[in-house]
Amino acid sequence: MTRKQRALFEPALVRTALIDALKKLDPRTQWRNPVMFVVYIGSILTTAIWLAILAKQTDGSAAFTGSIAMWLWFTVLFANFAEALAEGRSKAQAESLRGTKKTSWAKKLAGPRREGATEKVSAESLRKGDVVLVEAGDTIPCDGEVLEGGASVDESAITGESAPVIRESGGDFSSVTGGTRVLSDWLVVQCSVNPGETFLDRMIAMVEGAKRRKTPNEVALTILLVALTLVFVLATATLFPFSQYSVDAANGGSVVSITVLVALLVCLIPTTIGGLLSAIGVAGMSRMLGANVIATSGRAVEAAGDVDVLLLDKTGTITLGNRQASEFLPAPGVKEQELADAAQLSSLADETPEGRSIVVLAKQRFNLRERDLQALNATFVPFSAQTRMSGVNVQDRMIRKGAVDAIRRHVESNQGHFPQAVDDLVASVARTGGTPLVVAEGPRVLGVVALKDIVKGGIKERFVELRKMGIKTVMITGDNPLTAAAIAAEAGVDDFLSEATPEAKLALIRQYQAEGRLVAMTGDGTNDAPALAQADVAVAMNSGTQAAKEAGNMVDLDSNPTKLIEVVHIGKQMLMTRGSLTTFSIANDVAKYFAIIPAAFAATYPQLNALNVMHLHSPASAIMSAVIFNALVIVFLIPLALKGVSYKPMSAAALLRRNLWLYGVGGLLVPFVGIKLIDLLLVALHIAG
């Protein structure tokens, strides 16, 4: 599921952001953003000049200088507001999570068994390794692993999903989260973390903007922006002595004022992206949480945007996960109804989706009704990992169904013969992407039940989109190569790994990484932990084991393996937003150059009026218009920074062309229109002469 998203400009968030924007005027906060720190210094300098003019300490227009100073302060405040609004949204999410933390008591056990005596202690006093008993109605006091028992657990406080889930000892569903509630039965849980280190505590820390560290790409972009700013600072600094020399040489004109030079500098440096960069990063983490995915850092979100190989589990991601019986294929000399009757009998007590589907198919094909095993004096033989088959004993009949090699051993151990024709049936089912289940009665092989993996609707189209983006999809399955190849062809994946083991997955990831690729995968079991730790983007399922969650750098609260595709989408959207706004910000400089340079030097060099292509009213209105536009464009781009640019699956080259046209050419044209409109408004209001 997806968490309900707050409105972008929710009044309560806006009020808080306005207050925080003022608090961020603290120099200790401002110097962390080098680009905006230059604007901050410029604001202080022009304010000092304005006060000096008012005090008759220097010459100049108090109205013009005061207006420039005011709009420079607005530029700083708008950038502060963008960051504060993004952080405010994250803090609101953190507060809602913090609200789920309750002070609770725990029933501490002396040992790992339920029968031991319990001691009532505060949940905050529990330490890693402590064992607790949690019964129906109790809140689970800590993150941990289920040692004994099984229970229905309400995890809605963490996941937002109202449907309860089953947590039990052993297997891949043994991990529990502190703050969730047991609805029925009981669990013996061993705490896996100390207080303050729980999953909920980590979630809160991750989504709070104050805890966010800059990602490598952000650091690289900041270095670029600082370099551009230094270039423009040096270029602007040379204009003052150049202006003095020009006035002396021409015996006319006027020296460019410090106020105009500060205005020029602020308009030329990349203030738009400088003011929004932090907000984009915070918003990316926030959007990931909106998809019910917790990222351990911005680095993980950023890596998701660069991923070019996806390793996807077949079951639950590419297929629906519940294989359905689709056909009865009898052995030579066996009637189809005889096979269906035996298969149904062996499945009457089988509660797996496959077993239930065999009962239903026999009923549909031959109107075979369910029978009472007790009335038949039958004994059900459950499936086990050792025998790899299940079945039923009815009086003197011994019916078994299972994997082909398991049934072959069973038949041969009963002095029977496994027909070549059945081997051929098994191979034909595997070639079409099905899973063959062989049925035998005593030493006699009756035939094959074909189980069909149902490929999810629309998944093939999603893989086509990923291919357009240059992302390779690899299906991971434990099936034999024939079955895997058939399902891979039907689903449209680029490659597959059959008969996959944890070691094979780890080797495949390392192989792709050695080729310079970034790999993303999902996992939920302890056996997935090595591969999750190796992958660049590792999404662990919340329903999985503690080892899997600790190995991953993201946790999907919905435990939906398909979410990996959405994670990549959000990562790419964040990178695109940053790149698009950087392009727009730098392209903006051209129009501001044409606005301010002619205005600054027109008195000394009237010929520069030829560069006044926008036909701005006067030097003062031209400079004012450029400064006002420079401030307002930050406000207008806040929604884009927080929501992200619209994203369409396409190749990197096509995306680059699209964004250069949209944000590059747009960044060139929009300021010309905006500055001209502001100039007309200033003249109409008689604000600038």
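Every residue gets a Cβ built from N, Cα and C, even glycine.
Feature annotation from Swiss-Prot assigns active site, 4-aspartylphosphate intermediate to D313; the stated evidence is sequence analysis. Counted within 10 Å of its Cβ, the other Cβ atoms near D313 (active site, 4-aspartylphosphate intermediate) come to 23, all protein chains included.
For T387 (ATP binding site), the same-chain residues 6+ apart in sequence whose C-beta sits under 8 angstroms from its C-beta are G402, A406. If you look up Swiss-Prot, you'll see D350, E354, F383, S384, A385, Q386, T387, R388, M389, S390, K401 marked as ATP binding site, on the strength of sequence analysis.
Marked as Mg(2+) binding site by Swiss-Prot on the basis of sequence analysis: D524, D528. Sequence-distant contacts of D528 (Mg(2+) binding site), defined by Cβ-Cβ distance under 8 angstroms and a gap of at least six in the same chain, are P502, K505, A540, G544, A548, A551.
Taken from Swiss-Prot, the feature transmembrane segment applies to 35-55 (among others), supported by sequence analysis.
Using a Cβ-Cβ cut-off under 8 Å and counting only residues 6 or more beyond its ends in the same chain, the transmembrane segment (62-82) has close neighbours at 17-18, 20-22, 24-25, 30, 33, 36, 39-40, 42-43, 46-47, 49-50, 53-54, 259, 262-263, 266, 271, 274-276, 278-279, 620, 623-624, 627-628, 630-632, 634-635, 638, 641-642, 687-688. Swiss-Prot lists 62-82 (among others) with the feature transmembrane segment.
If you look up Swiss-Prot, you'll see 220-240 (among others) marked as transmembrane segment. Here the transmembrane segment (220-240) has Cβ contacts under 8 Å with residues 34-35, 38, 214, 255-256, 258, 261, 264-265, 268-270, 273-274, 277, 578, 582, 586, 600 of the same chain, all six or more residues outside its ends.
According to Swiss-Prot, the transmembrane segment annotation covers 260-280 (among others), on the basis of sequence analysis.
Swiss-Prot lists 594-614 (among others) with the feature transmembrane segment. Remote same-chain residues near the transmembrane segment (594-614) are listed as 239, 243, 246-247, 250, 252-254, 256, 260-261, 263-264, 267, 620, 622-623, 625-626, 672, 675-676, 679 (criterion: CB distance under 8 Å, separation of at least six residues from the stretch ends).
Marked as transmembrane segment by Swiss-Prot on the basis of sequence analysis: 622-642 (among others).
With a cut-off of 8 Å between Cβ atoms, the residues of this chain six or more beyond the transmembrane segment (665-685) that come close are 583-588, 590-592, 594-595, 613-617, 621-622, 624-626, 628-629, 632-633. What Swiss-Prot lists as transmembrane segment is 665-685 (among others).
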Hey, does DSSP put D313 (active site, 4-aspartylphosphate intermediate) in a helix, a strand, or just coil?
strand
If you measure M389 (ATP binding site) to D313 (active site, 4-aspartylphosphate intermediate) at Cα, how many Å is it?
24
How many other Cβ atoms sit within 10 Å of the Cβ of K401 (ATP binding site)?
28
D313 (active site, 4-aspartylphosphate intermediate) to D524 (Mg(2+) binding site): how many Å between their Cα atoms?
11
State the three-class DSSP label for D528 (Mg(2+) binding site), counting H, G and I as helix, E and B as strand, and everything else as coil.
helix
Might you list, by sequence position, any residue in that chain lying six or more from F383 (ATP binding site) with a Cβ less than 8 Å away from its Cβ?
D350, T352, M389, S390, G402
Can you tell me how many other Cβ atoms are located within 10 Å of the Cβ belonging to D350 (ATP binding site)?
22
Taking the Cα atoms as reference points, how far is D524 (Mg(2+) binding site) from K401 (ATP binding site) in Å?
29
